[in-house]
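Shown next, in structure tokens, is the structure this report addresses.
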Amino acid sequence: MAAASPARELTQNPLQKTWEPYDNGLPAGHSAQRGVCMTNCPTLIVMVGLPARGKTYISKKLTRYLNWIGVPTKEFNVGQYRRDLVKKYKSFEFFLPDNEEGLKIRKQCALAALNDVRQYLSEENGHVAVFDATNTTRERRETIYKFGEENGYKTFFVESVCVDPEVIAANIVQVKLGSPDYVDCSNDEATEDFMKRIECYKNSYETLDETLDKDLSYIKIMDVGRSYLVNRVMDHIQSRIVYYLMNIHVTPRSIYLCRHGESELNLKGRIGGDPGLSVRGKEFAKSLAQFINEQNIKDLKVWTSQMKRTIQTAEALGVPYEQWKVLNEIDAGVCEEMTYEEIQENYPLEFALRDQDKYRYRYPKGESYEDLVQRLEPVIMELERQENVLVICHQAVMRCLLAYFLDKPAEQLPYLKCPLHTVLKLTPVAYGCKVESIFLNVEAVNTHRDKPENVGVDRSREEALRTVPNHL
Amino acid sequence: MSAVPRHGGPPRGKVGALRGGEKKCSWASYMTNSPTLIVMIGLPARGKTYVSKKLTRYLNWIGVPTKVFNLGVYRREAVKSYKSYDFFRHDNKEAMEIRKRCALVALEDVKAYLLEECGQIAVFDATNTTRERRDLILNFAKENGFKVFFVESVCDDPEVIAANILEVKVSSPDYPERNRENVMDDFLKRIECYKVTYQPLDPDAYDKDLSFIKVINVGQRFLVNRVQDYIQSKIVYYLMNIHVQPRTIYLCRHGESEYNLVGKIGGDSGLSPRGKQFAQALKQFIEEQEIVDLKVWTSQLKRTIQTAESLGVTYEQWKILNEIDAGVCEEMTYAEIEAKYPDEFALRDQEKYLYRYPGGESYQDLVQRLEPVIMELERQGNVLVISHQAVMRCLLAYFLDKSADELPYLRCPLHTILKLTPVAYGCKVEMITLNVEAVNTHRDKPSLNSRMAGLTV
């Protein structure tokens, strides 16, 4: 029997409060943090489909989702490479199958894009690359697959198949008419040219085949999500991607985000807790009810957290609402119900650490923004499934949700402005999201604390508290 | 998410959720609007019953009341003794009558379950291989306002089919003598009887408006059509993540901790000397098991990580495997809790599954938190999960199909490993106590008498 080897000592990371083993005072291997999902080898997602089938829409949305859940992802749009190389787009003739010059340039662009993919995945710590191009021939897909194999990437194809002329026409109007390719054309000219462009691809289009492509990993999306064919899902990340793609839709709708009305603790500058609404908070709830009525929203769903202040706000609306525990405010652990001044007084080191990396910082016995994002993922998934929804939540929670919709990176997320008594109306448009900010004319305290200039642990009390908003 | 009010009303605390007659409503249950009828489709030995039972277990665990209705059981009731595959010949008029009657009886029971017994999902486990039978079911569902979701299992790999027959058919009540060869022979002929009239789902024409998932070759490929709602989406995701490769799951708690020794709950203490001994014993046990490609998962609390450290292998930390949050009661002993919060203490004993610690969590919250762990466990092969008492109870309840009432009282002692191996339609459990003493942290539900006398267990 081998002698028992002494277990390594554990040290607690002061920022994230996670326990890590160390050897000779340095962090050692053997321990991995499960953020959301660990991807072992990088993944190359390859879009497949005729023009105007939503490939770029899916690429961008999927990239946004993966980055939000913490998987470094980047999209590579070959059309963009083509625009950079061929300064001025003339007409669909560039895409004719017998246009030698065009073919040469297009292949060059694809290779340039793949080169950047390789750099991103193998040198820049990217986990997932989305290769957004038509990739409609088996030959092109084999080239990409081989490229993936050579570099140790797993390849996953996402094909979008659609024959509904209305959908295609709508896509063209939404995203093609405004494309840099058609900046000097009338809408009719652009549409006509684009339809001819699609024709160029049709003859050589080889859709993913159940027999010929049976060993590839892919999802085939048919008619904007009416049905899906899923083949050989290899791992966790592919499974999550499939689940996400199967839950998104393109039906027009709006998402309304707001915080609870001003609370008693807000007034005193205290964080967390489970207080009720202040007088002004109750006024806001009534204004919110009026606002919602005026908006005349079809089949609006209303969601709250399980904390009193959001529920009280929803109560004023007089409509059914659903409570989600996962929408509860970030848990500030030992700092619950303290003012920033008290936190500085009692935990000056923690206070400084938080300012150094607000996204990853975890309150002692509490949570971090990073934890919050993981907690909120099912909310995002359900928001994708739903249509018109009003989410009444909290400052940190709203920042996380907003960062998802507006594609804000982790560094910016904890500083997004989400003031009390203000509704953000999000409407998907083209490849992104239109935001309208509506202040409901009921005064409230400001709870937003900007990042102070001095985040060092040896800063003065005054420097630490300089950006604290006023309170009672 | 614990019970939610459907309409505006005063905010209810956890106590409100416990008042008489209310369902133990989870978020998933709440999101399931109309009752759903899941209809299995497929030739015999295609895994329909396996999928039915597994799916039902999963749905019940996440809080959606679900029940399986297996037509074979009804048939065995009606025809006391099975003679041979001749019963299933499509030209056997008398048998066809009996089989149809059984289907109608089963559907009546489905109706009672969904409309009168608070069931939300019924899984109709039968071959349902003809359009005629499926149209009958669709009409039935329409009359009663049920949503229908089909799950078809298609498999043409003879090895898989033979393996299925050996795994679950040889021991079926239909074949009491259990002679393998005879069973195989008769059963294969039974399958041929169905093949004659089998009409698979046709996504391009006849069945294009139905909601279904077609599972091809044990999960190699899936065709998904017209998913209507939240619960169907979750069902699809679940079916796409499960597999049938043999593997073993090991569940255990961290080694005995300093807090365990003094009877304090929660907190983030380190291992006691005996706990460290356990970690060493665990290492030896794992080595002896000679497991291929074992993954090791821990929580982000020190005691599980310290335990894993002794194994000398790579492990992954999951925050969601952390012990149940006892809120204001964190780091107190049960005696201290009873003294300081006697009402809370009593409430917890009344309804331990739904009870949420003030500022903390309930077992119901824990189940929701752990769902991604279960999903990933389904995807994985051999895994060792080093967790905590309440967490381990939740995971175990999933694998052993324990109800919400039993879950908080499952025995998960320190220094004991539960080795779970999927077999036939369920899970074989082996309990291995590694020879290192530890305190007992299990608290039974107090009987009425002892409660009234103010005794603590």
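Every residue gets a Cβ built from N, Cα and C, even glycine.
A sphere of 10 angstroms centred on the C-beta of B:His254 (active site, tele-phosphohistidine intermediate) encloses 30 other C-beta atoms. B:His254 (active site, tele-phosphohistidine intermediate) falls outside any helix or strand according to DSSP and counts as coil. The active site, tele-phosphohistidine intermediate feature in TrEMBL is assigned to B:His254.
Listed in sequence order, B:Gly266, B:Ser299, B:Leu301, B:Ser387, B:His388, B:Gln389, B:Ala390, B:Val391 are the same-chain residues at least 6 apart in sequence whose CB falls under 8 Å from the CB of B:Glu323 (active site, proton donor/acceptor). Summarising the annotation, TrEMBL assigns active site, proton donor/acceptor to B:Glu323.
Residues or ranges marked as substrate binding site in TrEMBL: B:Arg253, B:His254, B:Gly255, B:Glu256, B:Ser257, B:Glu258, B:Tyr259, B:Asn260, B:Arg303. Within the same chain, the residues at least 6 positions away from B:Gly255 (substrate binding site) whose Cβ sits under 8 Å from its Cβ are B:Leu271, B:Ser272, B:Arg274, B:Gly275, B:Lys276, B:Gln277, B:Phe278, B:Ala279, B:Leu282, B:Arg303, B:Gln306, B:Thr307, B:Leu414, B:His415, B:Val436, B:Ala438, listed in sequence order.
The feature domain '6-phosphofructo-2-kinase' is assigned by TrEMBL to B:24-246.
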Revision key, fill the gap. Averaging pLDDT over all residues of the domain '6-phosphofructo-2-kinase' (B:24-246) gives 92
Exercise for review: Other than B:Arg253, B:His254, B:Gly255, B:Glu256, B:Ser257, B:Glu258, B:Tyr259, B:Asn260, B:Arg303, which residues of the same chain sit close to substrate? List them in sequence order, counting a residue when its Cβ is within 8 Å of the Cβ centroid of the site.
Suggested key: B:Ser269, B:Gly270, B:Leu271, B:Ser272, B:Gly275, B:Leu414
Practice item. Count the other Cβ atoms sitting within 10 Å of the Cβ of B:Ser257 (substrate binding site), across every protein chain shown. Key: 29
Review point. Rounded to a whole angstrom, what is the largest C-alpha distance between any two of the residues B:Arg253, B:His254, B:Gly255, B:Glu256, B:Ser257, B:Glu258, B:Tyr259, B:Asn260, B:Arg303 that the record assigns to substrate?
Key: 14
Revision key, fill the gap. B:Glu323 (active site, proton donor/acceptor) falls, by three-state DSSP, under coil
Check your understanding: Do any residues at least six apart in sequence from B:Arg253 (substrate binding site), in the same chain, have a Cβ closer than 8 Å to its Cβ, and if so which, in order?
Key -> B:Thr304, B:Ile386, B:Ser387, B:His388, B:Gln389, B:Met392, B:Cys412, B:Pro413, B:Leu414, B:His415, B:Thr416
